[in-house]
Amino acid sequence: MERLHWVQHRCRQLLAGDSGRGWYSAPDGLPNKSSLDAHSSPHRVIGKRRTVFARHGPHQQEYEAVYKSYKGNAIRTTKYSLLTFIPMNLFQQFHRAANLYFLFLALLNWVPVVEAFQKEITMIPLLVVLTVIAIKDALEDYRRYLFDKKVNNNVVQVFCGKQKAYIDQCWKDVRVGDFVRLSCNEIIPADMLLLYSSDPRGVCYIETANLDGETNLKQRQVVLDLPLQGAELNLESFHSRIECENPNNDLSRFRGYMEHPNGVRVGLHNNNLLLRSCTIRNTETVVGIVVYAGHETKAMMNNSGPRYKRSHLERRLNTDVLWCVLLLIIMCLTGAIGHGLWLKNLKDPVFEVDGETSPALAGFYVFWTMIIVLQVLIPISLYVSIEIVKLGQIYFIHNDLALYNEQLDSRIQCRALNITEDLGRIQYLFSDKTGTLTENKMVFRRCSIYGVEYPHEDNARRLEVYEAERNDAAGQSVTLKSGCSRKSLSCRSLSCNRSSVSLHTLTAESEEEEEDQPSNHIQPRTSAFCSRVAREVVPDPELVRKLSWLCSPTLPLSDGSSGTPSSLEVTYITDFFLALAICNSVVVSSPSQPRHMVPEARTPLKSLEEIKLMFQRFSFSPFSALSPPLIKGSPRSFTSRLFARGKTGSCNFSTPTNSTTDGSEASQESNLETSNLRCKLDSGSSRVEGRDVGQAEDRESEDNNIKDTKTNGARQEEEDVIRGVDSESDSDDELLYEAESPDEAALVHAAQAYHCTLRGRSAESLLVDLPGIGSLAVQLLHILPFDSNRKRMSVVVRHPLSGQVVVYTKGADSVIMDLSETPKGAEQAQEIYSHIREQTQKHLDSYARDGLRTLCISKKILEEEEYEVWLKRQLLAESSIENREELLLESAQRLETNLTLLGTTGIVDRLQEEVPETIEALQRAGIKVWVLTGDKKETAINIAYACKLLRPNDQLLTASCGSKDACAALLEQLKLEVQSGEGSLTVLTAAGDHEESSLGSAAGFVLVIDGRTLDWALQEELKSDFLELSCRCNAVICCRSTPLQKSQVVRLVRDQLGVMTLAVGDGANDVSMIQVADVGIGISGQEGMQAVMSSDFAISRFKHLSKLLLVHGHWCYSRLANMILYFIYKNVMYVNLLFWYQFFCGFSGSVMSNSWVLILFNLLFTSVPPLIFGVLDRDTPADTLMELPELYRVAQTSKVYVPYMFWVTVLDAFYQSLVCFFVPYFALAGSDVGALSFGSPINASALLIILLHQVIESRTLTWIHMLVLVLSGGSYFGFVLLFSLFCVSCSPPTNPLGVETLQMSQPLFYIVCALTTVMALLPRLLCRALYNTLHPAAVLKSAHMDKVDSEKYRRRMQRWNQTHSRVNRLPVCADNPGLEPSASSVVS
């Protein structure tokens, strides 16, 4: 009964959150925020902001006024102290209804007029429960205390104003406003702003594995415009004031600004904040100022407390407990009324009777006495037993080898301890696609540039070879090192206290001592997103040939006056790969140098004359037009015209100093584009458009010699490029890319395959190798990161060649295609761009049909004036403390317009192993599978076919519309179509085998709906129609769906249909869906651990769902349901024995047993067997459950635990209690036995009946079961014998001395026990035998199927041998063991 405690915990947290503080209330004596003096600027504290001053600085008065309202850095996660443990623990335990019930009965027994037992005895159950739970709570709290003590006593360097130096202090002594210095591999003690980094670029790298499970490094930036950077950081000169938002639990947001003494404000954002529990990596020294400490840090505020979900079985149990309460009241009323009538009709009693009390009042007293006597009827202890059983079930789930991933060294995690049985009742499963059904290991497959498709056929064959190798490897996965490193990284981060490892340990300076650290830390984690198959991209020969024109000045192209169309295409190609290389957040490192260091740009590969000759070939402006300073400053600047396209991608022949083109240049551009388009349109439809543009023009403009020269030169240059790639493969392979998503890593490796290599990254620049040019240092101006609203990311760079501001954008095709509208300008230019868009859209559709993930690449050239205007708004948005996210989104959307479409990429994401088999098994089990994905419709459909969610004979229903009225009409039309289709399917099903149709062999309907239509369908007016249509479909695929839509769909199905739902996902976008579902399952994949941390269960592969649901879910539900029924039976049966006795004792509340036996009967003698029964019982073997998934559905409809089964169990208990009471009664009738002697065979018979009843109900009997049963029976008989031998006055007013020894020495005792036990259990045994005859168990079914099918197979093989005996002299023997069908093939 942890619900009340959990609700209290959540309420306390919410109240604390409203006050702007952590969970725990402030210590006594701290002033209220409103009581601060004038120096503290109360509005800064009371509102949504807090003000932070340096602890050792000129603002001492302001600091003293403010810091007392902020928490210290000491954390305390314990609930109790030595003084408060007993009162607080008792207070919390009595929040449970069970303990209150026991307390009420114990206090009631102290009332003399209703006393039923010895006062001390009734305290035993309560004391036992309270003591056991108190010991458990004390041990848990002590472990928390040790952890808190270890964390609080960690040492960190803090600046001391008096000593003017850094001193060692414990974490618990750190305060808001302290300057903290950290070294590499140290854990951050509090949330602090980054003021200084030893990195000359002012960056710092942190690992957030302890916070969100992500092991890829995050980059943090020193606060901008901070006048403290340099070799020596003088903290005494820090006079700035920090104003930021109050503490909150949003890990991805931080708002604020820093105000310098001169009044200048600098915006603060999340990239400036170092979070507690993260680890400093690859940065020698950082210094920060603490802004949040202790329980106000984001890490501590994200500790959301215990997860609690009520299972369906528990809700059903609560109803049955209420029925038990009603039965108890009826029995007690019967006893009260009977006692009153007995007293009223009693004439001249031979024994002493209280004649002063009226019969009515005596009946009232007896009512409460009966409550005490029959207290066991309410199975309050069942709740405790259920918790113990669930812990045992979770233990076996957690240690199931079938759910263990050896490659990742990960096992299933059970994060919610009280819903295991719900795994056996799932009816709807909602799954993400990427990373859940697929590997989320992206591999570059093909691309389209300038409207030309490059199929990369050699790359496709390489992937096929790799897939074959992967299948032959028998489970040897490339992610083995990744998983191991993730585990080791987390462990190292947790155990790290102080580290003297400097930056040199991450370099090659101490190779022998520290060689393992960078390799273990870098290479394995890189392989998570950058496996061998992702790195080894085979270039497309045609694309290599076109890039070779850029690399060689000897290839003959027409001079600048003629305008070669190929130059525009090569420009597109170069821009495309440059965008792949730099439009990302990939961090570069190598084993021989620290991560993220940008090495100095190497000398360009070409000399000055070669670059001059190359650009003369590309029809750019005359070389002499370049300004002398530009030539002198950088030889690479000669390539400026390569990137100097206009804002719409048109050819621009002006020099870098000019920003516009004159009329003649525009006319030349138009002629060029017209001829280019004409060549493309006339080249024939047999080849991909634009593929042979260069050859077509060459045939028209040059003679055979030139063509021969060009052909030979192209071939030679292509070979040179390939040799160049091979020669530099060693150096390129040394580069290690750490990406935040596998898509980014795949694209960077694709660019690297074409010799466009990202070699280094810093906060302000990128180092990129371009083919034929060499290393370029690209100035990085801005990064507009990806978000789910924009569905794209952009980088703003200043190109070193042209000096222009260029925006490279990549994102979803649905967004980029809309943003890359046809530009205004010459008609010929519009035709070219329209043609590129048209061809690219065709390629996108083709990629989606092939199941590839698509991304569009685009660019935009900004004029200086336009960039300055945007920059002002961007800086304003960055420095804003209110509505910062909205302003940044608006600024990004303002920039990402009128884009020039460069091309698109197709990335393959392979299915995980055994996904089709898993989905087929789940569907056979009666679980409806829905796929909710953000991918394109065509991609989702292709994956659905691949994983057998969509079968070839299924009818596909597509819902895609743009308005609410159209959506309503479409839903009605689809419903009619399904209704008409169901009629034909019903006829087919009636004619065929129903079993086969249920397995999916018959055709069905599958609904595919896009995100825009889903928005309309989820509205109040249409959701009923959408739900009705969805229920009639075998599966539903929601594509282009947002995280919010995913959760809305799950909530709609859960609430409207009242079904048990399960959601499975692997990324942060699946968190809301996982939390809404009845059971949430996270997959620890390639996208961090957000889904896992929000889930109830965490697995590593989708295929584990089949074992988790079909086996463990079935077992857990069956075990708990049967254990609950058995527990109710046991209590009702024993309580009725006491009730029947009341008819023979004047309903006085007397019992025929001593109070010790009565109390210990349920507390000790019969308590352990149900627990073993609930943990170890197996109604069906695991192999049979996996081979016959239909048994999962049968278990749900078999009425294991439904209302009428409760009453059947109660009636059976009534019958057994009647037999158990009246057989000894009639056997001893007329004898002179006393009450205790009469109760002795009744208690012994009841014990045997209850234990043997469990044997009948158990499907599995192991030595553990037998041992527990023997110990339970032996403990009873041992106790009563010792009690009767040594107890003289243990149980006043009765004297049990010698009673049991006398009874057990008589043969009648054993005859009565045997007869009673047989008569009581015989009906149950006969009903069980009859049920098994009419409804044989699954094991018998499967064994019978194996036998029958094997016999059919044998006869078929004999007929085949007879038929083919003349053709083939080598007979196929029916008895050949090699030809015998396996059990799995027969069953499935």
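From the backbone N, Cα and C atoms, a Cβ is placed for every residue, glycine too.
Unlike curated records, TrEMBL annotations are generated automatically.
Which of 568-588, 1156-1176 counts as transmembrane segment depends on TrEMBL, and there it is 1156-1176.
Using a cut-off of 8 Å between Cβ atoms, the transmembrane segment (123-139) and the transmembrane segment (321-342) share fewer than three residue pairs, counting only pairs 6 or more apart in sequence. Ranked by the number of CB pairs under 8 Å to the transmembrane segment (1156-1176), the listed stretches 98-117, 321-342, 1264-1288, 1308-1327 are led by 1264-1288. Ranking 321-342, 1233-1252, 1308-1327 by CB pairs under 8 A with the transmembrane segment (1201-1227) puts 1308-1327 at the top. Within 10 Å of the Cβ of Asp432 (active site, 4-aspartylphosphate intermediate) there are 30 other Cβ atoms, across all protein chains. Thr434 (Mg(2+) binding site) sits 9 Å from Gly934 (ATP binding site), counting Cα to Cα. Checking each of the recorded positions (Asp432, Phe786, Arg853, Gly934, Arg1040) against Asp1070 (Mg(2+) binding site), the C-alpha distance stays within 10 Å for Asp432. Confidence in the domain 'P-type ATPase C-terminal' (1092-1336), given as mean pLDDT, stands at 89.
Rounded to a whole value, the Cα-Cα separation of Asp432 (active site, 4-aspartylphosphate intermediate) and Asp1066 (Mg(2+) binding site) is 8 Å.
When the alpha carbons of Arg1040 (ATP binding site) and Asp1066 (Mg(2+) binding site) are compared, the span between them is 17 angstrom. Between the transmembrane segment (1264-1288) and the transmembrane segment (1233-1252), the number of CB pairs under 8 angstroms, six or more residues apart, is three or more, so the stretches are in contact. Sequence-distant neighbours of the transmembrane segment (321-342) (same chain, 6+ residues past either end, Cβ-Cβ under 8 Å): 359-360, 362-364, 366-371, 374, 377-380, 382, 1128, 1131-1132, 1135, 1139, 1142-1143, 1146-1149, 1206, 1210.
Residues within less than 8 Å, Cβ to Cβ, of Gly934 (ATP binding site) and separated from it by at least 6 positions along the same chain comprise Thr434, Gly1011, Cys1039, Arg1040, Ser1041, Thr1042, Asn1069. Counting same-chain residues at least six beyond the ends of the transmembrane segment (362-384), those with a Cβ under 8 angstroms from any Cβ of the stretch are 1, 97-98, 101-102, 105, 108-109, 111, 113-117, 122, 125, 129, 317, 321, 324-325, 327-328, 331-333, 335-337, 339-340, 343, 354, 1124, 1127-1128, 1131-1132, 1134-1135, 1138-1139, 1142, 1147-1149, 1151, 1162-1163, 1167.
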